[in-house]
């Protein structure tokens, strides 16, 4: 599935010498492409590099299912006279040049039979330039048709002036007959430009008085939003768009649900593509103001209240044009018109009320007595209010689109299950987590064929999660084609009134018409109109957001594990360095011990070894004490004192009591006493030697003359 962002953009030059020059192109990132055209990045177009820099983006059209449809739109916009979609309607644009010509072509192209069934969105970056170009196109087209008088440009004897005066007189009489006041005509110079005195007023008056070009009116399948470059990048081009959702930023906690199974975690709300905060607020506000319907047959349903307090969305997305609804999220519509049986926004109320009201904006199918009409109700009229013109290729002309019948009775508003009355953010997050668990384990059946669904390619109703329609994309296409065929058979076989004949489907535009639905169909569960283009667009948007949510969660988990690993490494490094310092101090102490003790331990061991290996007679014989045993200092003691001349060590070496070898006696305890005294003297020498080895201080240096 191609989930890229396909759009066709319109550029215009800001160079005063190239005023009005335009460029039309296709890309998946219009902001990056604009930098390429301006020379900031490489791989720009040759046409925009020669002259006209700097360029600015006026608008772009998005919502194409794949690159082929977007490239077709681009080619038709670039070559309107050669296109089969506009060649029969492009004659009305004769005389237009530069940017007004491109804008007028856009007005006609979005209503062509090939593109009016797609869920397209017009993103306007420079609304002033777009409105000015459309107004100038209206003025020039009206002047070419002879509806305005050129001030001072032609002579009175010219036959063209007489034709213009006759047309002006006829239009004035027609306006008086209709009871409509004809606005004053603006004055034009010889070049066809408006005079400076009344430029803005003339443009506004001309646009309001004569609609030679079909207006860009938002509808179910055509959306208009006035945005900025930063908001556009955050909403459509940023890979961290999912992190801007309040449900992801807040980290909805599902409480004890994480202990029930492995598929539920404490952060299940972060994987929900819906704005659970907005859903809970809308449901709470709706149920607090809703009341039971008097003609309701089901006690478990309620009608939607006409009033709903406004609840702003925290999702940063551009504001829609000509609508007071909140920004649209996944699976919801926000541009439904009052002509389609939808509640219109009032100054004191918000038509959106978040995602809940957008999901309830379309009416359900009317009740019918026959089983056929109950299962497949007839299609609604007035589906796309923006499709005021449609090119009929076989007949070679521009025909008016089907309009809703004035005699049609207003359909009842859709109903909502009562189980959502007490739903909060945690409940929506838990329900979505459970549904995703069932979907990934093959436990979620299709609503139409009851076969298990596979992830990603699942079609949802526009009222999701309030509507439980979950089905395969192919099953939904077959259902819509079947409903369309049933409606056509009902119109052709039973009733042939003019109102129903206007609902007949148009002529097929391609051999693949039987595979792709071309008409909307009511939902089999809730009755809301489902448009194929909107469903495909929402499906791709859902797939993209879910992938980015999973990627963001994976990145967050990796960062947490990396931080934990770094903390463990830091702790290990600190403990290792402390152990190394302890070992170093131990080695220094051992070296000082060996240096302070000198040869005393070796001599004692030698004496003990010789004593152990002598014979019994030799051991019991009386021994003569050496002078050192009588208290005289030995050479070893003097050597130790000279090497580490401390007062305690010197005194211990010179005193008879501290000698290492006392007088030997003939009893058996003499060897034990000698060893004990030797160990005590060695310990005292070690402590003093350790202290002096750490300081390079020598007492004899101070005593020398």
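Just so you know, glycine gets a Cβ as well, placed from its N, Cα and C.
These figures come from a predicted structure and were not determined experimentally.
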Per Swiss-Prot record, range annotated region 'Disordered' [choices 527-560, 561-594, 595-628]: 595-628
79-116, 117-154, 155-192 - the range that Swiss-Prot marks as region 'Disordered': 155-192
Region 'Disordered' according to Swiss-Prot, located in which of 290-323, 324-357, 358-391: 290-323
Three-state composition of the domain 'GIY-YIG' (4-90), taking helix and strand from DSSP: 29 helix, 21 strand, 37 coil
